[in-house]
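If you check TrEMBL, you get these features:
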- 64-213: disulfide bond (DISULFID)
- 86-90: disulfide bond (DISULFID)
């Protein structure tokens, strides 16, 4: 995870044009080039972080391996693929607010670490709320399993952020208000696409430049 934001920018920008025509977010495909995280190693990391027991203190050792994030991205894609094959009982009851996933690098680089963390944490909060709403309405059992996993992984990502000493941001009592950093989606497929794009974009930028890993 020793890459600078400029190196990431060069790798991410190189993939923009090919992805835009498919309706995907421009900041994509960087994580795909990383090596697979061996299942045993990922299981060990889960044990170290004690992710199976919510409410425990954050781990002492930071998790700086981007292959952990790649694992979360793959599982988010699995949920998206399951959604595409779902025929019944897999819709959103109403439109939901989600974070913007496109990254304006000139704006992102002007933000300090706290502002970047707040943007990512707010985005994760919105995704957790939106995916939770989808879970409450879905009756397809196969899709339910993937959605449950997505919600668990958002919790796990929070553990990773805390392990890197990235400040946790608590949304106001009324939640995150709409604005230029959010938008509304009305379908489950759109929501799960946003989930994948957010992990591969803003979250990866934040994790890749965590000071504790350099």
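Quick reminder: no glycine exception, Cβ is built from N, Cα and C everywhere.
For residue 90 (disulfide bond), applying a Cβ distance below 8 Å and a minimum sequence separation of six or more within one chain yields 83, 138, 139, 140, 143, 188. Take the CB of residue 64 (disulfide bond) and look out to 10 A: across all protein chains shown you find 17 other CB atoms. Across the disulfide-bonded residues listed here (86, 213), the residue whose Cβ sits among the most other Cβ atoms within 10 Å is 86. Residue 64 (disulfide bond) sits 35 Å from residue 86 (disulfide bond), counting Cα to Cα. Residue 86 (disulfide bond) sits 40 Å from residue 213 (disulfide bond), counting Cα to Cα.
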